[in-house]
Amino acid sequence: MVPPLFLNVQAGHHILDMCAAPGSKTFQLLEMIHQSKEPGLLPTALVIANDLKVQRCDVLIHNTKRMCTANLIVTNHEAQSFPSCSLAKDDSEAYKDHCKPQRLEFDRVLCDVPCSGDGTLRKSHDLWRKWSSSMGNEFHLLQVNIAMRGIALLKVGGRMVYSTCSMNPVENEAVVAELLRRSGSSVELLDVSTELRELVRRPGLGTWKVNDRGSWFQTHEDVPDSRKNVILPSMFPSSTSIHESHKVYNSFDVNSEYNVPFSRNFNIEDTNNVNCDTGGISSSNSAQSLDSKFPLHRCMRIVPHDQDGGAFFIAVIHKLSLLNENQVIKVRKTENLLSKNRTVKLQEQCQHRIVSEVLDDNKLLDEQTKLSVANQTSKDDNLTEVKMASDVEYSQTESGDRSRRMDKLDYQHKWKGIDPVLFFKDEAVIKNIVSFFGIEESFSLEGHLVTRSTDNARRIYYVSKAVQDILELNIQVGEQIKIASLGVKMFERHRSKDGCSCAYRLSYEGLSLLFPYMRKRILHASPVDFQHLLQYRTINFARFADARFGEEAASMMPGCCVVVLREGNIMPYAVDLKEPMT
């Protein structure tokens, strides 16, 4: 729960949680933006919670649903390829219209990346059996790419928190150093020692060694040539340049063991690594370790025995200016070459296997899947914040083909398994709902209602103004954001066929938001009758303890109404009004 506290969330902030599932930190962020709102008004802030896997998004939605907020969007993307949704051709256009956003940018970014999870050894006892100090190597490049994408999406003057539940410096200080190295003077590592003074913390490391297959190395020059495509220069504290950190070793075999997708929580059963440490034996020829030139002591290490808890690493980064174009281009070019090189190697391996032996159907399908993943990774790496001049012609051709393909597809088929997000614009239905429940004009529904159904909407969701702006931007850029959930469910169609002048009833999730603006369909019940409504599925009007309450209910038109506890704290409860009352 510590990383969100260092974001310093303020009213009106747009916040991105890049690797959000299962959602405890997202819930913290939602609580923060609702605490900072003015009384009686919706917060102007926004939280976008993202995760890679659809199943994990479902868990995230379930855990945040009890917040009943209209200021949340749950998305399903690879964090390192999260879309920027830019309408502006350059930065001047991006800030020209302050009323409508021209580019998706965030005031705060929480980058709690996938990691080896060795900081959870106290509660995850299975980690002890197969843990090794080289386990974090495979996460390093993924963590760098996710964090760099977070910096690219961060507004100038914004703050990003990078965190892991690991103590491995390759996943921590080495990643932060690489972020500072790539970003140059565009970002700075903040000293937050004066914040949360009660928190017991230790400074980040300035020097460390890298373990690989039982050997320890102090510099990248000490790594055997056959392993230099896996053990990268950026893993070492002595790495000094962007170019050195991303050399491409075309003559080395690609180890596909490190070319696998990752999930937020590391599953120890999925790895074949065993504890192969050699008691700290080093293969380095260097006489002494080299310190990093960056102020990594500003990072925070929370160790278990200081406060009787788990281990955690936190770094707070402040964006000073837009990223330097030359640096971004140089890094992306070398990354693209590395990705293409891995794809070629995999293709050569597959061709060799097909010629040399007859593969059964399962093996062939497995090889094709690996190639598909590698090719998709290569395509994703070409999505850059700055477009390279050599790729302009190709990008124009690709965008033209994509636009022609999209013309042939319905929107609902763009994201497989994800229902479309459509603005609900049926004015007759909206006016009927407003009139039936007596909703005040100060609580506007027009433009704030969305549905996930293409016809005969069963459920209608309410979104805040900030979410509405993001949805409109997403539509204008061709639905680049894959939205799994958004807003709060406010209305749903009646299941019963009893005559009712309004086709929709109130949803309990949106009741707390809408109730202060309702002037009709409200009943006040005594504690006894309120208990009866909660206790029994149906109850006749004449059986209420308060005869007046029963008469008021009987005189109302059939449909949904809100029953409020007459004494004590206000507790609204939505029920369907009919005989018997349910």
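Any Cβ shown, glycine's included, is placed from N, Cα and C.
Annotated features, as they stand in TrEMBL:
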- 1-320: domain 'SAM-dependent MTase RsmB/NOP-type' (DOMAIN)
- CYS19, ALA20, ALA21, PRO22, GLY23, SER24, LYS25, ASP51, ASP112: S-adenosyl-L-methionine binding site (BINDING)
- CYS165: active site, nucleophile (ACT_SITE)
For S-adenosyl-L-methionine, whose listed binding residues are CYS19, ALA20, ALA21, PRO22, GLY23, SER24, LYS25, ASP51, ASP112, the greatest C-alpha pairwise distance in Å: 13
What Cα-Cα separation, expressed in whole Å, is found between ALA21 (S-adenosyl-L-methionine binding site) and CYS165 (active site, nucleophile)? 14
Determine, to the nearest whole angstrom, how far the Cα atom of LYS25 (S-adenosyl-L-methionine binding site) is from the Cα atom of CYS165 (active site, nucleophile). 13
Whole-Å Cα distance, CYS19 (S-adenosyl-L-methionine binding site) to the residue listed as 'active site, nucleophile', is 13
List, in sequence order, the same-chain residues at least six positions removed whose CB sits under 8 Å from that of GLY23 (S-adenosyl-L-methionine binding site)? ALA49, VAL59, LEU60, HIS62, ASN63, THR64
Spacing of the two Cα atoms, the residue listed as 'active site, nucleophile' and ASP112 (S-adenosyl-L-methionine binding site), in whole angstrom, works out to 9
Same-chain residues at least 6 positions away from ASP112 (S-adenosyl-L-methionine binding site) with a Cβ under 8 Å from its Cβ, in sequence order, are PRO3, ASP17, MET18, CYS19, LYS25, VAL161, SER163, THR164
